[in-house]
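Chemist: Below, the features straight out of TrEMBL:
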| type | residues | note |
| --- | --- | --- |
| TRANSMEM | 21-45 | transmembrane segment |
| TRANSMEM | 150-177 | transmembrane segment |
| TRANSMEM | 198-224 | transmembrane segment |
| TRANSMEM | 349-370 | transmembrane segment |
| TRANSMEM | 382-409 | transmembrane segment |
| TRANSMEM | 421-440 | transmembrane segment |
| TRANSMEM | 452-471 | transmembrane segment |
| TRANSMEM | 483-502 | transmembrane segment |
Amino acid sequence: MTAGKRKLISPALRAAMLWPHTWAGVTLGGLLMLVFFMGSLAVFASEIDRWMMPDTRIGAVETPEAAISLDRTVVPLVERLAAGRVVRDWFVQLPDERRPVMALRVRTESGTAGGMATADGALLPPVGTLGASSFFYPLHYSLHLRAGFVGYWIVSFASVAMLAGLISGVIIHARIFKDFFTFRNWGQLRRSLLDLHNLTGVLVLPFHLMITFTGIVIILPIVLPAGVQALYGGDIQRFYDDALGNYSRPRAGIPAAAAPLDPMVAEARRLWGSGEAAVIFVYNAGDAASVVRINRDTGDRISLDVQPVFFDGVTGALLKYQPPGPMVAAHRVMSGLHFAAFEHWPLRWLYFLFGLTGCVLIGTGMLHWMEKRRVVHGRPGVGWRSVAALTCGTTTGLLIATLAMMAANRLLPSGVPSRELVEVGVFFLTWIASAVHAALRTRLDPPWSSQCAAVALLAAACVLLNWITTGEHPVRAAAAGDWAVVGVDAVLALTAAGAWSVSRRLARRMRPEASTLSRLTDHA
């Protein structure tokens, strides 16, 4: 390193960055592992949904030759779901290249009803699961703690810490690029963990910076509402109406017949210039103040700008169409970069793999801290054991819980009451049990090998259970063009093979003659 560089990254600066980098990782590493892992799964949420909802597997996903008629196909489905009750609002998500079925939700005067249907209007049986879109994905950004936006605040705070950790990590590891090209064997565990930590940090640093920063920007109006409070008096709805081009109005209390929806969709396409409708909302249905909102599909672009078009639900007249301003357009592009909703399979796989490297980055950082403290302080203390249990619980334990939920999805009969809640219970109970198991294991019998074996067995079981319960093995799914199911089964099979290999290798290293890794997971 030159004198200029030594002056730029002084020992004092590196020391100042080391403390927040270390303790942010130790205290928030488990939460960040959850956020990154669930975010990685969310990249393929629609594909995992198809695996967990066999009734939605309608063969290969093909773009329909003609657009679905809302008046002839969707409106009768809404009436069936309402079952004679007065409809207040309803929405439908139309099929696309990744999801071959329609998703509908109807709010009536006495509750809500929902379901899925084929493109020709056949209503499917209840799916009985939240799937990845309604469980894994919300767990990524809200932890399912939505009261008072508590989950958003927690994830936002952890994201800021992650961003600070990435920047401070570059400052701390001043020789990071030189060490990247230095060969070292895997003899010394602490050095190997640090090398792997640095490797994942260097190779995917731009992605980690981008995904963390855009995640903060997306929920910024929720966690920092000072501007909305000052300019709009806390009226968040009016803020979104102005910023995102939304439109709303209260019910008039006067019954009125609905206008045809298909001409509204045609007019929305004309305003967009290109693109197809993705989601249609009908507010104040059957009322003189009815409003129809039509969102554009964003699969053909990076930006997540849905370009909403609003029509009068009674007359069909255009109420509002507001192209985004520069700031909103920039926000929508950053949202699109984070959500990866575009139809580009190679990029989606890169998002998935890069998200998993974030998990490796966080996990190796926590393991390096544990090994360093063990070497320096000798006998582990309570704090060290707590971090060890947390690390195991949020790595292998999180994998076990996810796979247990997927296995329960294939094992539970369709008629089980509140089936989706039973699956969620299996996830959390298995996760807690894995963390307790990690905390109770001893130095001579650490948890890593056994939990990796559990991951391997559960992943293999999921592939077999999918075959047994649906009759669709990977070869048959590939022949039918159902690549979503093939992909999920392939990832599960690779997970099983990799976890079993790691389990066997760890079991050999846990023997007395290879006790270094044993002491790493000393929970006695």
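Quick reminder: no glycine exception, Cβ is built from N, Cα and C everywhere.
Caution: TrEMBL annotation is automatic and unverified by curators.
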Chemist: For the transmembrane segment (483-502) against the transmembrane segment (150-177), do we get 3 or more Cβ-Cβ pairs below 8 Å once near-sequence pairs (under 6 apart) are dropped?
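Modeler: Contact between the transmembrane segment (483-502) and the transmembrane segment (150-177): absent.
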Chemist: So which of 21-45, 198-224, 382-409, 452-471 has the most C-beta pairs under 8 Å when paired with the transmembrane segment (150-177)?
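Modeler: Comparing 21-45, 198-224, 382-409, 452-471 against the transmembrane segment (150-177), the winner is 198-224.
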Chemist: Restricting to the same chain and to residues at least six past its boundaries, which positions have a Cβ under 8 Å from a Cβ of the transmembrane segment (452-471)?
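Modeler: Residues packing against the transmembrane segment (452-471) from afar: 51, 54, 57, 396, 399-400, 403-404, 406-407, 410-411, 434, 485, 489, 492-493, 495-500, 502-503, 506.
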